[in-house]
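Engineer: Mind having a look at this structure? Questions to follow.
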Amino acid sequence: MENKEMRFRDVAYTVNRSVLHEQDLGGPAPNPTSSVRSFFGAAKRKLRCSVSAAKHILFQFIPILHWLPRYPVKEWLLGDIVSGVSVGILQLPQGLAYALLAGVPPVFGLYSSFFPVMVYSIFGTSRHVSIGSFAVVSIMIGSVTESLVPNDNFILPGNDSLHIDTVARDKARVEVVAAMTLLVGLFQIILGLVQFGFVVTYLSEPLIRGYTTAATIHVTVSQLKHIFGLPLSERSQPLSLILLIISTGISYGINLHEKYGVGIVGDIPTGLVTPMVPKAEFFAAVVGNAFAIAVVGYTITISLAKMFAMKHGYKVDSNQELIALGFSNLVGSFFHCFAVTTSMSRTLVQESTGGNTQVAGTVSALIILVIILKAGELFTCLPRAILSAIVIANLKGMYKQFMDIPVLWRTNKYDLLIWLVAFLSTICLNMDIGLAVSVVFGLFTVTFRSQLPHYSILGQVFETDLYRDPEESSMVKEISGIKIFHWNTAIYFANAELYSKALKTKMGVNVDKLIEKKKKAVMKRKKGLQKVICLAKNILAKTQMGTGLEFLTNKDGMLGSLRTLSETIPNAPTLLSLGLEKLDFHSLILDFSAVSFIDTVGVKKLKNPQFSGSWNTVISLKDPSARPQFSLRSMTQFPISPLVPASPALSKKLQKSDLTFQHLACPFMFYVEQFCPVLLTFTLIQRHKPSLKLRPLTPSLN
């Protein structure tokens, strides 16, 4: 019981320190190092060459050199082999199917499942992601190839029906895709080298899920032409590989292509393709789409990589992932590959079947290599409708993202709005414009939310040291004589005016009206003083000319007029004379515990004379190391004064500025005293900790 009573007992402190000015802070708080100097110093340290530094850079750039020598063969090799075989079996139908989405022959899906995977295993930092073809990226590529290389450009002359030169069309599309993949890789490498991995932070999870859900609709619609080309009734959904084998056998046995005109995969050349330098003539036409694909592909990869890294307790390097993905696409572009990213389904298979490192990815790539070299021609008669069915079946998980709508409705309607805008803009517009609209709208919501923050007057929870909004609970009561104004976001140019209005509203003082009255009162007093001065000058002039005082009093009555006029001059206006009612508080605490920064516009609002009044103001910061963006060092005209009754000499110094900071013993607090350098009773507030209360100090009116 005694400990409980001591917990809520007030503690009295007396702080006595000398006045500190900017020039006095050089010792205890030296000037920070120049940013230019620190930049060159950091660059010098980065460029310094030593064996350990060179090894660190090499391991950071080529992670396989770091983890492969330490690879636990006995513990992990079997699991990686089993996982790699499983992923390779899944990679085969997905590679063939997603190549159709990209608008290129299916064999190029196999190339995209081999070369980029081998490259990523060397440069990647994630142990579990499966690199290769993916539906969303493939449909983005396909929209470009179909617009730049349409079928209408390859119609063969004929009278009976239209015939398309598919060989020439596919060759042209492969060239466009290779050029776009090269740009995607270059963008990702450059962004990784300049440490631009944070770009993914501008793509929130609701935005990505809404965007990919809309892309799923595009993918499904694009495959309907292949599915309805084969008049089949209801189908079962067996494993993809079994479906490929059975459908290929049936198509080959009854010759569906020649008898019924069913579209098939066609010739799949055996062996690896000859490297080719992508044609630069397509760069200008695909550069914008390439950047969008680079960002989307990286976002999908890093989100899955971080998810599995957190699950298994290791770290991934965001910037190195950009570089690894960039090199995968860059090298793949020379072998006619289309841009790749991480597949959710394959990654889940790789992780759940025992995969521990990218050795599993290498094994899956070797499975694809065997198919490319020896077994590719076995899938020549595979109907394209089967590949389309596989594509749609693999999108089942992405269709479940529609369940985000009721969840977001209950949790955060701003995120729901972002999801819907991303979905609808991608559906109604193309994939690239939809992504741009989604990102811009997401950034707009951030600004909008900061412009409409939550603000309130805090009260104290009964018998605790916690401070909450009184509207939240009846147990919260405002502290008598003290107003605690809480603001939950930064104060900057977009919401500084709102902060001013909110503070005046919560204080219950019409400051603008008082200022207008003060101006009129000052002007009236000034005119009265001018009349008195003018009349006094006339009296003085007549006195100097020999006019007697009795004559001025009796005949002209100038002295009487002067006396009467002087009595009518109003006194200097005060808040009470201007009509301000007596306030029910004497101290104002500005709770900045949720304020992350303040720009120059916010500083001017805090310095604005409209905040003046007959109360003291305290700015409370949550973190002891936190400081407002306007540092004391940059405001040399504002001295730091001690927490003691103001002496006459000190008062003169304080009165020279309209805003002074008092640096208290508690480092999480700044005391702001405006227009009235008089110390009154006030309370220091720190959330979730016992409050520090200062005893009343004798006011000094000097």
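Here the Cβ of each residue, glycine as well, is placed from N, Cα and C on the backbone.
So TrEMBL lists the following for this protein:
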- 96-117: transmembrane segment (TRANSMEM)
- 129-149: transmembrane segment (TRANSMEM)
- 176-203: transmembrane segment (TRANSMEM)
- 282-301: transmembrane segment (TRANSMEM)
- 322-345: transmembrane segment (TRANSMEM)
- 365-395: transmembrane segment (TRANSMEM)
- 416-444: transmembrane segment (TRANSMEM)
- 472-606: domain 'STAS' (DOMAIN)
Engineer: Which bits of the chain, at least 6 residues beyond where the transmembrane segment (176-203) starts or stops, bring a Cβ under 8 A of a Cβ in it?
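Structural biologist: Cβ under 8 Å, 6 or more out: 102-104, 108, 141, 144-145, 148-149, 276, 278-283, 285-287, 289-291, 293-295, 297-299, 302-303, 317-323, 325-334, 336-339, 439, 442-443.
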Engineer: Cβ pairs under 8 Å with the transmembrane segment (96-117): which stretch of 282-301, 322-345, 416-444 has the most?
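Structural biologist: It is 322-345 that shares the most Cβ pairs under 8 Å with the transmembrane segment (96-117).
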Engineer: Could you tell me the mean pLDDT the prediction assigns to the domain 'STAS' (472-606)?
Structural biologist: 69
